[in-house]
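Asker: Okay, handing you the structure first.
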Amino acid sequence: MDRMEGPPDVVVRRLPLYARSLRYLLQEGVESVSSQELGDRINVTAAQIRKDLSYFGEFGKQGIGYDVRRLLQQIEDILGLTQEWPVALIGIGHLGEAIARYEGFRQQGIRIAGLFDSNPTKIGKAINGMTVQSFDDAERVIREQGIRLAIIAVPARNAQEVADRLVMAGVRAILSYAPTVLQVPEGVWVRYIDPVAILHSMTYYLARDIAGVRHNNPET
């Protein structure tokens, strides 16, 4: 059976930006916000915000705006953040260790549930209250804990093998920092963070700015 068609991926990618801005508004004591005010914070038009939200139902009232707390709760519900998601982190080099130490995950529904590496010098190391385990144990731990999310922070040459084993263990969503494209089965979602590729996309705009070519600001 085909999956139900959902909103465009670019819309889903903007929802966390809306949620983050709404959290800031709550911290500032703001109770109500217009689509224009929200859009100004993240470089998105008011019309785009209204269109994005329309994929998921009706939000706010015309002329009144959005109740900040309620809209945040609704977006968190859409994103599945009403529950905590355990995550397996593979690769505990400098980058992986920094990710493991990041305190912002748990505050937003994400819990690093296991640290794994194949380097004997890393195995057994204590990081942020957890112990690095052998990657050979990852499949068992993932199955036992029902982990569906994983972060890959390994060299490109190892990334595909790691992804294959994660998928076999039941992982269905992967965030990869490895500078390579992963081949995964249908029904497995992959996102990439490649700082070099992102910087190259920014040098495109810088080069044209230096040359005097006018262009719109890239999407936030």
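Backbone N, Cα and C atoms are what each Cβ position is placed from, and that goes for glycine too.
What Swiss-Prot lists as DNA-binding region is 17-56, and the listing cites sequence analysis. Among the features that Swiss-Prot reports, NAD(+) binding site is placed at GLY91, ILE92, GLY93, HIS94, LEU95, GLY96, with the record citing sequence analysis.
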Asker: Only counting partners 6 or more residues apart, tell me which same-chain residues put their Cβ under 8 Å from the Cβ of GLY91 (NAD(+) binding site).
Answerer: PHE116, ASP117, ILE152, ALA153, VAL154, VAL162, TYR177
Asker: Which are the residues of the chain, GLY91, ILE92, GLY93, HIS94, LEU95, GLY96 excluded, whose CB is within 8 A of where the CB atoms of the NAD(+) site average out, their centroid?
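Answerer: Going along the sequence, the neighbours come out as GLU97, ALA98, ILE99, ASP117, ALA153, VAL154.
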Asker: By the count of other Cβ atoms within 10 Å, pick out the sparsest of the binding-site residues GLY93, GLY96.
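Answerer: Among the binding-site residues GLY93, GLY96, the lowest count of other Cβ atoms within 10 Å belongs to GLY93.
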Asker: Near ILE92 (NAD(+) binding site), which residues of its chain come within a Cβ-Cβ distance under 8 Å, counting only those 6 or more away in sequence?
Answerer: ALA100, LEU115, PHE116, ASP117, ASN119, LYS122, LYS125, ILE127, VAL132, ALA153
Asker: I need the least crowded one of these binding-site residues (HIS94, LEU95), counting other C-beta atoms within 10 angstroms of each C-beta.
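Answerer: Checked HIS94, LEU95; of these binding-site residues, fewest Cβ neighbours within 10 Å: HIS94.
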Asker: Quick one: average pLDDT across the DNA-binding region (17-56), no decimals.
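Answerer: On average, pLDDT over the DNA-binding region (17-56) sits at 94.
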Asker: What is the number of residues in the DNA-binding region (17-56) that are helix, strand and coil, as DSSP sees it?
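Answerer: Residue counts for the DNA-binding region (17-56) by secondary structure: 28 helix, 2 strand, 10 coil.
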Asker: If you run the three-state DSSP split on GLY93 (NAD(+) binding site), which class comes out?
Answerer: coil
